[in-house]
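Have a look at the structure below before the remarks.
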Amino acid sequence: MTELRHRGTTDNDLQHQQSDDKGSENEGKAEKDGASDSETKPDTGLPEVPVTADDTPEVLNKALSGLSSRWKNWWVRGILTLAMIIFFFIIIYLGPMVLMMIVLCVQIKCFQEIIHIGYSVYHSYHLPWFRTLSWYFLLCVNYFFYGETVTDYFSNLVQREEPLRILSKYHRLISFTLYLTGFCMFVLSLVKKHYRLQFYMFGWTHVTLLIVVTQSHLIIHNLFEGMIWFIVPISCVICNDIMAYMFGFFFGRTPLIKLSPKKTWEGFIGGFFSTVVFGILLSYVMSGYSFFVCPVEFNSDHNSFEVDCEPSDLFQLQDYALPAALQSLTGWPTVRLYPFQIHSIALSAFASIMGPFGGFFASGFKRAFKIKDFANTIPGHGGIMDRFDCQYLMATFVNVYIASFIRGPNPAKVIQQLLALRLDQQLHIFNSLKTHLTERGLLEEAA
Amino acid sequence: MTELRKRGGGGDTDLVSETISDKETDVEDRLGLPGEPGVEADGDSESKADTPEVPPSTADNTPQFLNKAVEGLNPRWKNWWIRGVLSLAMISGFFMMIYLGPVMLILVVMSIQIKCFQEIIDIGYRVYHSYELPWFRTLSWYFLICVNYFFYGETLAEYFGALVQREEPLQFLVRYHRFISFALYLAGFCMFVLSLVKKHYRLQFYMFAWTHVTLLIVVTQSHLVIQNLFEGMIWFLVPVSIVICNDIMAYLFGFFFGRTPLIKLSPKKTWEGFIGGFFGTLVFGFILAYLLAQFQYFVCPVEYNSETNRFTAECEPSDIFVMHEYTLPFAVQNIIQWKTVNLYPYQIHSVALSTFGSLIGPFGGFFASGFKRAFKIKDFADTIPGHGGIMDRFDCQYLMATFTHVYIASFIRGPNPSKVLQQLLVLQPEQQLSIFNTLRERLRDRGMLPPAATEAI
């Protein structure tokens with residue numbers, strides 16, 4: 001979302017920025033800083049990604065042809081933003097299955113964009129096997145992660161089908177073997193002249209996998225917890241972006257960080273407060289529907305996903321007594337809230353404060369490799385990765401938050417593990433559990 | 001262990017010829033691919049402004065007394081002797097640590113991990129002249145501490161369950177462990193972003209990635225080594241010994257019978273060495289497993305006794321460490337005249353471990369060789385005279401540790417009972433009750449509990 005702020009201004013500013021970049025390059029050349037700057041010299045060999053590579057669709061161009069070029073850019077971005085938000089609503093409506101597919105597609109596209117950058121930075125198109133190997137590693141890691149998820153959530157289905165049962169029992173071994181094959185292929189593909197390049201690309205692929213794939217997997221975990229755990233965090237990040245932009249546009253004065261010169265403290269703080277408010281309102285609206293708050297389950301009879309349950313305590317309205325200060329202010333003794341709304345404050349706070357760091361990281365990355373955008377997939381916005389750079393930290397945070405504060409272990413999984421133990425171990429656990437439950441008063445003392 | 005084969009053969013002349021061939025590859029790198037514009041790809045331009053070649057073994061940190069002892073000998077044999085003496089010293093050190101017990105082993109694994117991490121990061125620094133980068137040393141070590149904290153916290157919670165339940169602050173740390181680890185990592189991430197300096201963006205991102213890949217390789221796998229160790233010291237000793245033995249056997253077979261080169265990447269390795277090493281390791285693993293499986297000290301899971309505050313390895317050995325009789329297939333019966341043979345089932349598992357160690361282990365060595373050639377270094381460091389750095393010794397071990405861990409998880413071990421109990425106690429009371437009832441039914445069916453009539457619930 002960083003480009004939103006960089007470019008929602010006049011073309012003059014755009015040119016200023018480009019000359020800023022060139023200025024930094026000149027500075028780099030002037031200094032006798034030794035090897036660190038020897039890298040900036042070869043970079044002039046890299047073609048600058050031309051800003052004007054315009055793949056806005058014809059229809060938009062015609063509709064906007066009358067307007068001045070300043071507003072044209074603004075309108076293109078605005079329309080695309082609206083289109084993306086509507087698309088978001090549609091896929092929510094279509095349900096969890098479609099959401100999972102979309103997450104998978106976004107992940108693949110992000111991976112492709114980053115690998116593509118690596119290729120163009122290192123002129124690595126001639127490396128033997130490497131495209132194949134990168135995609136192969138992507139498949140392996142996805143297989144590993146989705147296998148673990150599927151076993152957890154689809155346990156009924158898996159137990160029934162024999163081949164699935166074997167795949168799930170030896171899942172780790174199979175994944176490891178697949179990965180090893182890729183590793184051996186890499187070693188065998190090392191070519192004398194290109195060792196360093198090949199190791200760079202290997203490292204690049206793995207770091208990309210680490211970032212993109214593990215976090216999209218965490219998004220799916222959050223989704224299974226309940227669609228609200230997917231929708232609210234994403235919406236908070238999007239809202240923070242838009243709000244910070246608006247506040248920055250109207251009130252922006254003090255720059256925030258050297259890395260992204262267009263960001264301002266006013267935008268940052270304004271975005272923070274409005275995102276918190278937005279989060280509270282959104283959670284209020286969503287907590288009322290079981291479609292959003294229930295864990296996604298796979299119904300093996302109908303072979304489809306369903307969200308049907310008794311909403312947990314978190315999504316039941318409760319009365320909270322306001323602290324005395326607020327009471328005198330608003331005249332209400334208590335307020336009815338969903339507990340989830342209080343959690344949403346934590347989520348919004350994280351999105352507003354830490355989310356931008358993901359954006360700064362991506363900005364730094366783009367400046368380091370002298371690229372304007374990750375790709376040109378979305379007209380006016382750049383690549384998919386540009387849109388999702390702040391989301392990734394958010395997904396990890398939500399997952400850790402749920403694991404720490406909300407959810408306990410999954411009972412079905414615990415039973416499964418329990419029944420897999422040896423009988424004497426089961427007996428031992430049975431006795432411990434009996435003592436524990438008796439102490440808690442849930443069991444009567446045995447006669 | 002890659003240097004062992006490269007240099008044990010011809011002494012100094014081989015060293016010189018190797019540096020020459022390295023320089024050749026240097027020249028080829030600069031020429032680049034024919035017809036490619038902008039051949040000053042970043043990776044190659046760095047080779048020009050690169051670190052000076054690590055000077056070959058003239059930087060001699062062999063202790064004085066060793067030097068004196070071997071000074072009379074031919075320089076060819078001198079190198080051989082130094083390496084031999086150091087190998088023996090390392091193996092004796094290994095035995096001593098085994099004797100000292102699990103705690104010592106864990107500490108040693110941790111020290112090795114820290115040293116390997118330091119060696120690899122040092123190489124990265126030298127390659128990128130990164131010493132002037134602000135904050136980066138601190139950040140790399142900080143990330144190392146974070147990831148270690150995360151992993152050791154997960155292990156401790158499982159194995160020290162009793163101790164953790166007793167102490168209140170530990171309980172708090174365990175319950176919110178993931179959150180705390182994540183917060184620590186995030187702090188490091190933010191520090192990194194704030195430390196980005198305009199002129200050094202690319203370098204800083206490179207070092208960030210370098211640190212993370214190193215952490216991924218070194219720390220996760222040393223953690224797996226520790227988990228294998230807790231399973232029983234034999235699961236740590238046998239794989240490590242297999243890799244060491246495979247190295248030595250392949251070297252010996254290659255030395256005496258070596259003829260056909262194995263792979264362009266390591267020109268001194270031969271097919272004869274490879275195959276000989278495979279069979280030699282199989283036999284060695286088989287015998288070693290037989291020897292170790294008899295002692296409780298080795299086969300029992302390591303447990304922490306909270307009363308005596310020490311680690312103990314005492315138990316009823318599980319099935320795989322109990323002698324079984326196996327009927328030999330007819331073909332073998334005719335040959336050796338035995339109908340049955342007494343084996344530990346573990347010896348059969350050791351065949352799988354040896355096979356992996358001999359066939360795939362060397363790929364870890366090739367990877368490290370390729371890495372060293374890519375960055376034009378002879379050794380990871382100079383820690384061990386004659387052998388190089390710690391990483392040089394351990395490059396084949398890492399894949400082995402992961403394989404052993406996956407093997408145990410798939411074929412040997414079920415879930416960990418204390419972990420299951422822990423998870424149970426965290427559930428909601430209604431869930432606990434329902435699980436209790438299910439379990440009770442199950443145990444009654446299996447006859448472990450008296451039937452329902454005698455219990456009044």
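Glycine is no exception: its Cβ is also placed from the backbone N, Cα and C atoms.
Computed from a predicted structure; not experimentally measured.
Looking up the ranges A:317-339, A:340-362 in TrEMBL, the one annotated as transmembrane segment turns out to be A:340-362. A:127-146 is the stretch from A:74-106, A:127-146, A:173-191, A:226-252 with the greatest number of Cβ pairs below 8 Å to the transmembrane segment (A:198-220). Across A:173-191, A:226-252, A:264-286, the stretch most heavily in contact with the transmembrane segment (A:74-106), judged by Cβ pairs under 8 Å, is A:226-252. Sequence-distant contacts of the transmembrane segment (A:173-191), counting only residues of its own chain at least 6 positions beyond either end whose CB sits under 8 Å from a CB of the stretch, comprise 127-130, 133, 136-137, 139-141, 143-144, 147, 167, 198, 202.
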